[in-house]
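K.L.:
Below is one structure. I have some questions about it.
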Amino acid sequence: MRSRKSLPPLPPEQACLPWHPPGLVAGVDEAGRGPLAGPVVAAAVILDDLNPIEGLNDSKKLTAARREALYDEIRAKALCCSIAEASVEEIDRLNILQATLLAMRRAVLGLRLKPVLVLVDGNQLPVLDVQAEAIVKGDSLVQAISAASILAKVTRDRWCERLHEQYPEYGFDGHKGYGTAAHLAALRLHGACEEHRRTFAPVAHVVSIARMAEPLAAARVAAAAQGAQALLLSA
């Protein structure tokens with residue numbers, strides 16, 4: 001009797017997932033959990049099996065130019081897609097995890113077609129009224145999640161480039177809001193802008209120092225005014 005050889009495992013990238021029920025499947029991912037500034041952005045994508053997109057992968061593994069090209073192709077070829085965000089105010093009020101899940105929920109609710117299954121990158125699920133499953137490293141394993149990661153990343157990067165025009169002193173077009181040495185140095189020099197997340201430790205530290213310095217600065221201004229008045233009276 002011939003022995004049966006075991007089949008080789010599927011490659012780790014873009015594996016076919018056999019548990020999908022029949023119907024539309026949406027992939028969901030986010031961008032912007034780690035940065036010190038700006039919203040967290042989420043995207044939901046339902047791909048068209050009859051209109052495949054070559055080169056989908058985790059957005060972090062792609063160059064900026066490749067992400068931009070795929071962004072346009074995804075928007076053109078997907079059955080539907082939706083992009084949503086949670087604001088800086090919501091991040092500071094809810095915390096970054098809950099704000100991320102809120103953005104994901106908004107993205108799914110924004111789809112014009114309702115999926116029967118939602119596949120979410122990571123190990124946490126937003127509150128949804130459809131079946132959902134969290135997949136660790138899903139942005140490398142599931143094409144729809146890869147597509148969502150690209151839409152979310154490009155959308156947030158474009159937001160950072162617009163923010164740079166408003167606040168060029170922080171260099172948002174380069175670090176995209178992440179806590180690089182250059183960004184932290186700009187924070188210390190210029191303080192926090194309106195788009196910085198006050199509950200994130202580096203920003204909270206800068207804000208607290210600024211608040212402690214306010215009474216001292218006010219006292220110096222008052223003393224200078226009193227000195228000027230005294231000089232006028234003595235003249």
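Using the three backbone atoms N, Cα and C, a Cβ is placed for every residue, glycine included.
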K.L.:
Which of these, D121, D129, D157, does Swiss-Prot say binds divalent metal cation at the same site as D29, E30?
P.N.:
D121
K.L.:
For E30 (divalent metal cation binding site), which residues in the same chain are close in space, meaning a Cβ under 8 Å from its Cβ, but six or more apart along the sequence?
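P.N.:
Same-chain residues close to E30 (divalent metal cation binding site) (Cβ under 8 Å, separated by 6 or more) are V40, V41, A42, A43, T100, A103, M104, D121, A152.
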K.L.:
Below 8 Å Cβ to Cβ and six or more residues apart, same chain only. Which residues does that give for D29 (divalent metal cation binding site)?
P.N.:
A42, A43, S59, V120, D121, G138, D139, I145, S146, A148, S149, A152
